[in-house]
Amino acid sequence: MFVALGAQIYRQYFGRRGMAMANNSSVANKVCLIVIDGWGVSEDPYGNAILNAQTPVMDKLCSGNWAQIEAHGLHVGLPEGLMGNSEVGHLNIGAGRVIYQDIVRINLAVKNNKFVTNESLVDACDRAKNGNGRLHLAGLVSDGGVHSHIDHMFALVKAIKELGVPELYLHFYGDGRDTSPNSGVGFLEQTLEFLEKTTGYGKLATVVGRYYAMDRDNRWERINVAYEAMIGGVGETSDEAGVVEVVRKRYAADETDEFLKPIILQGEKGRVQNDDTIIFFDYRADRMREISAAMGMDRYKDCNSKLAHPSNLQVYGMTQYKAEFPFKSLFPPASNKNVLAEWLAEQKVSQFHCAETEKYAHVTFFFNGGLEKQFEGEERCLVPSPKVATYDLQPEMSAAGVADKMIEQLEAGTHPFIMCNFAPPDMVGHTGVYEAAVKACEATDIAIGRIYEATQKHGYSLMVTADHGNAEKMKAPDGGKHTAHTCYRVPLTLSHPGFKFVDPADRHPALCDVAPTVLAIMGLPQPAEMTGVSIVQKI
């Protein structure tokens, strides 16, 4: 009841906003974009709910004017080979550019040796060189890849050495959650080898488990353990020759990487002191907020430490840990200016976005570039998802309801751009129930068919794509359920007879090319921020 009422309010209020646009007649062609969730292209019939379903509409659309486009890995800003997902898919579709995830941006900087020219890193090194000559690196040292990566730390050490900072101290946070509990000693050995032999630069200053250094639940008594180790040397003392053995003894006492109590090296020199510079190198923000705020802001007071807080510290983060933090970051948030929704508003072209509850955020927040903002002339419609325990029990979900709302808009002709998401192939695909996924695909095809007929009747060009694969692989090789996304390409279809698809010159087309293609069909200019390309040309 509440969701339905919310949808009604959205329609009433935002419908008026949509009607306020004045330049809708400027478009060459009106476009209806459908994003199917979890519809990949695979010719393998085994466990393929899409191929084995009765889908005459999509069969027709994918036998005429269509293309297969990439929706996974580096093509959408994810690590190479990683399957796509709904959030990233809609970000790329709506942004008209590849939206690189932080780990990928950093990996590319490492690969291309860009750290030495990174503006914030250069700034941190200049501060250290022009001050007391001391710089600290602190973060999680492992190859877990969830919060940080050891390769990023190694690249930072090399760059800082090249940038000429006299003294570098490393504060090693043990993992044991995203890696095996006793694997830290191996990362410690790699680190010592790297500092002592590979670069001959930098000193290991402290070792402490992430349980203490990376708390995120306001357990400041935990943060205080790492804080006092870093500023005051509170912990068990050791040196480079003995620290590995200290950790092994901790393992023997059932103290694993995550829970390592502080081990202190370098004496007073390795402590965070007045006027020092600190770089935290975790790229995931949530577990860096407390320790960085304790060092660089007045949150050290929450630690209730009796030690004097060092004065004039300057903190930098690998990424932006919180918008209101005063720290510079090596990789600040990328600008998503002039995504498709914003650009249409700039062009005075109104638009309509529709989805059922499960995917409503994807056609609003994610499609709009990760912004909550609703642009001028943008109308939104929420269709309630069915209230069932699992969606295999109602595999059609609310596809018919979404189609109803889209057809209403096509008949009204108010908005030159309308788009929607169909959730069933993905949401039912995740249940692993093959027969239900077949029904989900068939229900989606019926809904698309109804919309297709309405676009033909009311003068809209229909485009159909997907955000990632899923329902085309419902069975694992051993016959068990496959419930994850896939790396298969997805379709992009176009019903307009005046355009044909062409491949970009230097790469395979991807989700980032959808928005530029929409603009080309509508006869609108493409903003400079969109680095995707239109993959159609006029016939």
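Every residue, even glycine, has its Cβ placed from backbone N, Cα and C.
Just so it is clear, the model here is predicted, and its values are computed rather than measured.
Going through HIS415, HIS458, HIS485 against Swiss-Prot, the one listed in the Mn(2+) 1 site together with ASP426, HIS430 turns out to be HIS485. Swiss-Prot lists SER86, ASP467, HIS468 as Mn(2+) 2-binding residues, and of the candidates ASP37, ASP143, ASP404 the one it assigns to that same site is ASP37.
Across the fold, the C-alpha of ASP178 (substrate binding site) and the C-alpha of ASP467 (Mn(2+) 2 binding site) stand 28 Å from each other. Cα proximity to ASP37 (Mn(2+) 2 binding site) (within 10 Å) is found for none of the binding-site residues HIS147, ARG216, ALA285, ARG287, HIS430. Counting neighbouring Cβ atoms within 10 Å of each of the binding-site residues (ARG287, HIS430, HIS468, HIS485), the lowest count belongs to HIS430.
The highest number of surrounding Cβ atoms within 10 Å, among the binding-site residues ASP37, ASP178, ASP467, is found at ASP467. Neighbours of HIS147 (substrate binding site), defined as other CB atoms within 10 A of its CB across all chains, total 24. The recorded positions near ASP467 (Mn(2+) 2 binding site), taking a 10 angstroms Cα-Cα threshold over the set SER86, HIS147, ARG216, ALA285, ARG287, HIS430, are SER86. Summarising the environment of SER86 (active site), the number of other Cβ atoms within 10 Å of its Cβ, over all protein chains shown, is 24.
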